[in-house]
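Inspection log for the structure reproduced underneath, given as structure tokens.
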Amino acid sequence: MNLWHATSPTIWQGRNDLAEADNALRLFQTVKLSPYFTPEEFSHYVALLGFECDEGVKRNQGRPGANQGPDYLRQSLANMASHKGHDKLVDLGSIRANPNQLSEAQQALSDAVTQCQCQNVRTLVLGGGHETAFAHGVGIYDAFPHQRVGIINFDAHLDLRRSPQPTSGTPFRQLAEYCQQHQRLFHYTCIGASLASNTQALVDEANRLNATIIWDNQCRETMLDKVQQQIQDILQQVDLIYMTIDLDVLPAYQMPAVSAPAALGLPLERLLQLIQPICQSGKLQAADLVELNPLFDIQGIGGRAAARLAWQLAHWWY
């Protein structure tokens, strides 16, 4: 497959505790590592797919480095304990973008996602900048042409920018246009957005598209019940969910390893409270974690936070 490569076995390394007990397992021992892109061999698994691309971040005037995110996240995951759901993970490698060829890389990821989904393999994509979302979303729409797809984006930014070329700030505007072209419902919710980080033009665009915005300061602990009810309402309106988590939705002290660290953000514990019902709804078909930039991590804090999110997501998914 174009631009695809297998993950090196050296990425999945960790502490071996099997001398203690047969079930003293870690992810590096239970994640299946495929040398070929063969989703047909892993029906009812969750595929880890890397998207080694930050071309969209560069175009959006961000800090490059997210192309190194997928393997960094894999390494952070490798030594975590393996529990329920983690034995259903298979690493199906990564798409590696060539310089200045964003559209080609996005097409390759879309094709890979569609192939997985058509083989009953759910997709957990590791970005990469948030340009990942356009490719992942198109892959889902193409795999499920007759289903109502809901997009839930946990993100400090609405990512509905107007731009002469695709960037990490345009994916949901692109998906809205894709839906219009294909006569599909565009059902978009952004949770954790910062009003301080989104211009009025972006808010107006969200309103034009009938998007739902739940601002970061509406996700305080005392307001979680209301947010949870909003999430339940969203789940009732669609057949399946594509959930995308831009790691800059976390506060900077928990996630320094992004292009645009958040001054406020949603703390990791609160974010987990919000994603749990989505993961356990039976409607989550695809998810990704994007914008992880190892070049700006501090003592591995960001890598571990991202890994805990991915670990928890997989644990709740099955």
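Here, residue 1 is simply the first one shown, and the rest follow in order.
From the backbone N, Cα and C atoms, a Cβ is placed for every residue, glycine too.
Residues or ranges marked as Mn(2+) 1 binding site in Swiss-Prot: His130, Asp155, Asp159, Asp246. Listed in sequence order, the residues of the same chain lying 6 or more apart from Asp246 (Mn(2+) 1 binding site) and placing their CB within less than 8 Å of its CB are His130, Asn153, Phe154, Asp155, Ala156, His157, Asp159, Val258, Val290, Glu291.
A simple way to gauge crowding: the CB of Asp248 (Mn(2+) 2 binding site) has 28 other CB atoms within 10 angstroms, across all the protein chains here. Annotation source Swiss-Prot lists Mn(2+) 2 binding site at Asp155, His157, Asp246, Asp248, citing sequence analysis.
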Asp155 (Mn(2+) 1 binding site) CB neighbourhood, other CB atoms within 10 A: 28
CB contacts for Asp159 (Mn(2+) 1 binding site) [other CB atoms within 10 A, all chains]: 29
Residue among binding-site residues His130, His157 with least C-beta crowding, 10 angstrom cut-off: His157
Three-state secondary structure, which DSSP defines for Asp159 (Mn(2+) 1 binding site): coil
